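So that you can see what the record holds, here are the features copied from TrEMBL:
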- 40-62: transmembrane segment (TRANSMEM)
- 83-101: transmembrane segment (TRANSMEM)
- 113-136: transmembrane segment (TRANSMEM)
- 148-167: transmembrane segment (TRANSMEM)
- 173-193: transmembrane segment (TRANSMEM)
- 205-226: transmembrane segment (TRANSMEM)
- 232-252: transmembrane segment (TRANSMEM)
C-alpha cells in the first residue's frame, strides 16, 4: 500500500515537469509562427545539453546514493561537497554552452535558426538550477515528505504556464525562455527553504554565487569580443574563455568555504 501511495504521489510531479518543459512550445505555436517555434526548439535543445551530460546521470546515482550517505557520521559534510562539485562542474558546462552553442547553431543549421540563439544561455541556466532542485530535494526524500513535491512542482508549472501566457505574445522566444528560467528559479528557492526545515545542510551558496558571477562577467567579455570578428575567431575566443573560466573554478574549488562566506558577508 505504501508503494502505491508513493507511486501515485509522483504523478503530479511528472505532469508538472512535462508542463515546465513543453508548454512554451504550445504557446509559441499559438501566439507566434511555426518557424519561430522551430528555431526556439533547436536553440532550447542546445541550451538543454546540461541535462543529458550532467543532470540525468547525476540524478540516477544521486537518488540511490543519498540514503547511504545520510547514514554516515559526516553526512552533512558529504552533502555539502556534492553541492560544491556539482555546482562548479555544471557552471563550467553552462558557460561553455552559452559561449559556443551559437557557433554550433550557425554551423549546423540555416541562418534563420539563429534568431533564437539568445535564449541558449537562459535555458542553460534554467537547467543548471533544476540540478540544484535534485540536490535540495534530499530533505523531502530522506524524511519521506513527498507531498511537498506534489505542491512545489505543480506550483512552478503553474507559474511557468502563466508567465508563458503573459510574456510570449509580446516577447516571443525570449518571453518563453524567461518564463522557464523564472519557474525553475522559484522551484529551487522553495525547495531550498523546505529542505532547510526538514534536513538542514550548510550548502555553500556563497561559493556557487561567486562562480556564477565570475561566469557572467566572462560571458559579457565574450559577447564584447565577438562583435566584429569572423566565426573562426569566435570559436577561439569561446574556447579560450572557457579555459580561463575552468581555471577560475578550479581555484574557487580550493578556496575554504568559511573564508569565502566571510568575504561575502
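Glycine is no exception: its Cβ is also placed from the backbone N, Cα and C atoms.
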Exercise for the section: Verify whether three or more Cβ pairs under 8 angstroms connect the transmembrane segment (148-167) with the transmembrane segment (205-226), leaving out any pair fewer than 6 apart in sequence. Expected result: no
Problem - Other parts of the chain folded back onto the transmembrane segment (148-167), taken as Cβ under 8 Å at six or more residues beyond its ends - result: 9-10, 12-13, 15-17, 19-20, 23-24, 27, 137, 140, 175-176, 178-180, 182-184, 186-187, 190-191, 194
